[in-house]
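As written in TrEMBL, here are the features:
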- 1-10: compositional bias 'Basic and acidic residues' (COMPBIAS)
- 46-455: domain 'Amino acid transporter transmembrane' (DOMAIN)
- 1-35: region 'Disordered' (REGION)
- 142-161: transmembrane segment (TRANSMEM)
- 194-211: transmembrane segment (TRANSMEM)
- 218-239: transmembrane segment (TRANSMEM)
- 259-278: transmembrane segment (TRANSMEM)
- 290-310: transmembrane segment (TRANSMEM)
- 330-349: transmembrane segment (TRANSMEM)
- 370-392: transmembrane segment (TRANSMEM)
- 398-419: transmembrane segment (TRANSMEM)
- 431-453: transmembrane segment (TRANSMEM)
Amino acid sequence: MSTQRLRSEDYNDYSSTDVTPEGSPPGGMNGFAHPESYQRFGETNGTTWYQTLIHLLKGNIGTGLLGLPLAVKNAGILVRWHPRGDAAFVAVHCMGILVKCAHHFCYRFQKQFVDYGGAVMYGLESTPSAWLRTHAIWGRRVVGLFLIITQLGFCCVYFVFLADNLKQVISAANGTTNDCTSNRTVAMTPTMDSRLYMLSLLPFVVLLSFIQNLKVLSIFSMLANVAMLGSLVVIYQYIVRDIPDPRNLPLAAAWKTYPLFFGTAIFAFEGIGVVLPLENKMKNPRQFPVILYVGMTIVTILYISLSVLGYLRFGADIQASITLNLPNCWLYQAVKLLFSFGIFFTYAVQFYVPAEIVIPPVVARVSERWGWLVNLLLRVAMVGVTCVLAILIPRLDIVISLVGSVSSSALALIFPPLLEIATYYAEGMHPLVIAKDIAISLFGFVGFVVGTYEALVELAAPATTIVNATSAMV
């Protein structure tokens, strides 16, 4: 994709039926507009429903999936069953709220589409508060900031994940065998520090970030999905065998570690940043609501099953990524490489969102002659920032929890319910809907504060403590 802006005010061609600029979309708060009344025109060369589903799965299945078993350890066996499903339900519900509100403002202002920041801005302009209406532009800016932090945070996690898995594969290469029946301890060959692996990956990730077309990215996304699907099948068949007696696991973890569980869970289920960009680039955007629920149902089933089975299989020995618990035989070493291949291309999908927020306004300020160069330089700089941050915080579990608590909770749980209140309050809302939205936002805010605090405390722990904790897990 070129540096075409993803800003709602850049589009004036919009067609709908039975609606005026001041009117509300048919269906109102009852959900998405009925397909027959939703006549929005998509892009002629936009993505198909299949390509969009591939991108949606790719944007939501990543390192968070592999880190969920450790999150269950931080919560305890008594709470391992329901919080994952609850988090999934709430996260998907908030995605639906966002898309519904975006459609509402598309009808109301006859826009071709409205992005996340634009929806929040229009929502604030619809409130009875004069102060909020005056400062509505800050809604767009705050959402844009959190989107950038979240998506670049995902990219930082990918650097750490790739480095950890590559280091383990190379370190155990001399001791790798064809015997996969036991996870015997092997003598690790001295190799580079994981930070050097991140630097080694940097040029390849930079080249990947130069791909700017979603249709081209869908090809890589499909390859990544196939690689990760094959890896998950092998991982599942390993962890379901020889599951020890779960009665030996602690019933509940310390309350201190529960916020880390929250951060990891929200990190895993927060894919809201890619929802509207994917919907906006479809040939037929009316198909997106079905794609959203089908795709997230698949994601939820994968997340719940792997988190439960992974923790039951490895118990207290579970590591930051379940791939690091696999035996040192060629089959499972290949699984680590395959999943790393998938995560590598997932980087491009996650990077697409912050790139389209940051780069177009900057390129618009320079001449067309220099626009392409500025575009590429900005991409190099943004990828470099994610690599540097990953080098500074090389602990996969803490990075996941910190990103989830700081920004994912805001985008996935805090903003969408408040946006629904701002959008529909003047038109009349049922008190139960208002109470539900406030409850979700408060839950997200508490998780934001407590989760961020605990992640920072863990991050500030002495290096000796980290080493000892890591050694105990091996």
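Keep in mind that glycine also has a Cβ here, set from the backbone N, Cα and C atoms.
Unlike curated entries, TrEMBL annotations are predicted automatically.
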Cβ contacts under 8 Å made by the transmembrane segment (194-211) with residues that lie 6+ beyond its boundaries:
159-160, 162-164, 166-167, 217, 220, 344-345, 347-348, 351, 355, 376, 379-380, 382-384, 387, 390-391, 394
As a test: from 142-161, 218-239, 259-278, 290-310, pick the stretch that has the greatest number of Cβ pairs under 8 Å with the transmembrane segment (398-419).
259-278
How about long-range neighbours of the transmembrane segment (142-161): same chain, 6 or more residues beyond its ends, C-beta under 8 Å?
62-63, 66, 116-117, 120, 194, 198, 201, 205, 267, 270, 273, 321, 340, 343-344, 346-347, 350-351, 353-354, 357-358, 382-383, 385-387, 389-391, 393-396, 399-400, 402-403, 406-408, 410-411, 415
Six or more residues out from either end of the transmembrane segment (259-278), which same-chain residues have a Cβ under 8 Å from its Cβ atoms?
6, 47, 52, 55-56, 59-60, 64-65, 67-68, 70-72, 74-75, 83-84, 87-88, 91-92, 94-95, 98-99, 102, 113-116, 119, 147, 150-151, 157, 214, 253, 288, 292, 296, 299-300, 303, 349-350, 352-353, 356, 397-398, 400-405, 408-409, 411-413, 416, 447, 450-455, 458
So, taking each listed stretch (290-310, 330-349, 370-392, 431-453) in turn and counting its Cβ pairs to the transmembrane segment (218-239) that are under 8 angstroms, which one gives the highest count?
330-349
